[in-house]
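**Q** Dropping a structure here in structure tokens format, bear with me for questions.
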Amino acid sequence: MATEEAIIRIPPYHYIHVLDQNSNVSRVEVGPKTYIRQDNERVLFAPVRMVTVPPRHYCIVANPVSRDTQSSVLFDITGQVRLRHADQEIRLAQDPFPLYPGEVLEKDITPLQVVLPNTALHLKALLDFEDKNGDKVMAGDEWLFEGPGTYIPQKEVEVVEIIQATVIKQNQALRLRARKECFDREGKGRVTGEEWLVRSVGAYLPAVFEEVLDLVDAVILTEKTALHLRALQNFRDLRGVLHRTGEEWLVTVQDTEAHVPDVYEEVLGVVPITTLGPRHYCVILDPMGPDGKNQLGQKRVVKGEKSFFLQPGERLERGIQDVYVLSEQQGLLLKALQPLEEGESEEKVSHQAGDCWLIRGPLEYVPSAKVEVVEERQAIPLDQNEGIYVQDVKTGKVRAVIGSTYMLTQDEVLWEKELPSGVEELLNLGHDPLADRGQKGTAKPLQPSAPRNKTRVVSYRVPHNAAVQVYDYRAKRARVVFGPELVTLDPEEQFTVLSLSAGRPKRPHARRALCLLLGPDFFTDVITIETADHARLQLQLAYNWHFELKNRNDPAEAAKLFSVPDFVGDACKAIASRVRGAVASVTFDDFHKNSARIIRMAVFGFEMSEDTGPDGTLLPKARDQAVFPQNGLVVSSVDVQSVEPVDQRTRDALQRSVQLAIEITTNSQEAAAKHEAQRLEQEARGRLERQKILDQSEAEKARKELLELEAMSMAVESTGNAKAEAESRAEAARIEGEGSVLQAKLKAQALAIETEAELERVKKVREMELIYARAQLELEVSKAQQLANVEAKKFKEMTEALGPGTIRDLAVAGPEMQVKLLQSLGLKSTLITDGSSPINLFSTAFGLLGLGSDGQPPAQK
């Protein structure tokens, strides 16, 4: 900031810049010195300390002054110092020096950069220059300043970066790349973009044209791991082996314990060792041959105990497999993929491609590469009543093997027997034909059974007193099996399924069954009949039935049982027809009176008995049973469970008659009960009168005792009455006195409590008012104090913003301007006056200038 002082004292090691306003040339004045400013000079700033560069420091000065060979400052013809514009000068430790006009301290005092060991500065030349050795350096050249040392900066050199040495540990390597053609630390020439590894352990400082890509860690190899590598281009490794582009190989612990991948090696992965136990083997696909190439399409079988690494391109067919250890009940079905011979020299067996054979245990077997294991077979254990279906693949014949453990030969397979869906459902239901015969046919089992093994012989347990018919479709004959028995099906046999009627009334095909129950049993049916007088009735009849079979060993007689597929529906229809015909010839009244006899004779028929009637004719007699000769079904009895009219009016009339009969019976029973009740009432009344007399006598005795006790109590009462009255009066007076005293005491306590409460309330009110007034006063004091602080701070900030120099300039601006105006006129005069004519010297200058006392020119008239 320029100063207007005429006398400027410059301390030691300080300087100022003085501007000559006539020539516009600035110069430097260096202290210690007292400088008297001339009128045509202007001091540009107050004294400033010289620039002092301590040891091991430097600064950069822009636009430095030019010096001659004796380091003297050069001046131009105007006296202005000569500057090297757009140039820089780096100044090291020296005596304090001033900055000449035009010089700028571009970089302040800065310590010199110390380059530590294993560190270097990457330098780049900005201009052409010659170094200390006289070598010419071209702009753009790059080199390293390696430590330890102190770097002296140069204006022609730029520090690009600081390079740190990379520490290479054991089992590590540093991957480098050349940024341009150069020689590495070992003196080997490198081309632009070339990459290589530095494997030496220790700190490595890359050269100027070497770029550090990364630090490569070695892969530690063990006896159980190998490194899978692939060549990215043709190169020769450290062991001198030449690798072609795309070639793959393994590095194991036999080659090296720690392998650092080269720049031209791609790590595909770590291959674990394949270990085969004494009971293991494996099949290697595309094995590597002696020439180091994969034999595509070939196989090699390796049996344990052995450990090896899979070479590149090799793979296991199905991993590590167990050796087939066959017991006496096991076998292997083999298939030849290529012609081969097996066995010893004397017992060699030749197999052509596609041949199948079976080997049996006990033995250990490892299949060769020319053999395929089709399947491992196990002997199937069969109980006496179990079996399997076996089919010969050559002849196609199917047979059943039952009751012995069996192993399939090479030409046999298990055959699945298909059954109709209805038969499958009946077999899977698992219902007991006897115990579950009353359940509905649509009922499902609680837990569905597992699906049937179709290769197993189909078996069915025929319950007691039941029969099952099996039909052989190849032989076209049927056989009947009576229970209890276990029936098994041959491959060509099927069950005869019975489709029976069920429900009330009977519905055809409502129930299906595999076995026929021979009875005795019953079934119920509902039929509708019509009498001769056209009364329609609905009957519910139950029939007991059974099958009569004279000789079970006779196939023809046994086949009669299944001659009628729906014996239930057939029998119910026949019996219903007979009943309808018999009832149609009688009236409702006759049928109502003799329904059981009419139905029995209709169902069983009748025969002439030996009894004769009044006219000498033989009387008919009902038979004991009804026989159906088609299948030997015998109906032994009939039960009329209900008879209901179908017509509503008939049903109402019948109901009224029944109600009338019930009312008559009820009235008779009511009269008898009434008579019995009257008799019992008379007996009870007599007992009651007797009891009353006894009670009256007992009451008289009690009254006598009561009167005696009352007399005694009156005597006692008369003596104690006066005493009790006196005591009660005294007690009342005592209680009344105590109550008055207590009441007065309580009133006094209440008055004291009220007085204390009122005093406390007034005290609290006064305290709160005092606190409120004090708080208001404190707020007003705080407000006034804060306003005073604000005004003081405002005045202080205004004075600081203007500065003391500005305030002084404002104060002396008027007088100084007047003095300068008078000086500019160059007047020199003397004024003589007496004491009677006073002169205002303060306004003299304004008068001379033609201005008023306020400094303004007078208005023109």
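The backbone N, Cα and C atoms fix where each Cβ goes, and this holds for glycine too.
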**Q** Tell me which residue from SER23, SER421, SER642, SER740 Swiss-Prot records as phosphoserine.
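**A** Going through SER23, SER421, SER642, SER740 one by one, Swiss-Prot annotates SER421 as phosphoserine.
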**Q** When you measure from the Cβ of ALA2 (N-acetylalanine), how many other Cβ atoms are you left with inside 10 Å?
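**A** 10, counting other Cβ atoms within 10 Å of ALA2 (N-acetylalanine).
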**Q** Give me the CA-CA distance between LYS704 (SUMO2 cross-link) and SER421 (phosphoserine), in Å, as a whole number.
**A** 103
**Q** Cα distance, ALA2 (N-acetylalanine) to SER421 (phosphoserine), nearest Å?
**A** 120
**Q** Give me the DSSP three-state residue breakdown of the repeat 'MVP 1' (2-56), ordered helix, strand, coil.
**A** 0 helix, 30 strand, 25 coil
**Q** Give me the mean pLDDT over the repeat 'MVP 5' (218-272), rounded to a whole number.
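**A** Summing pLDDT over the repeat 'MVP 5' (218-272) and dividing by its length gives 92.
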**Q** Which residue counts does DSSP give the repeat 'MVP 7' (324-379) for helix, strand and coil?
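**A** The composition, in the requested order, is 0 helix, 32 strand, 24 coil.
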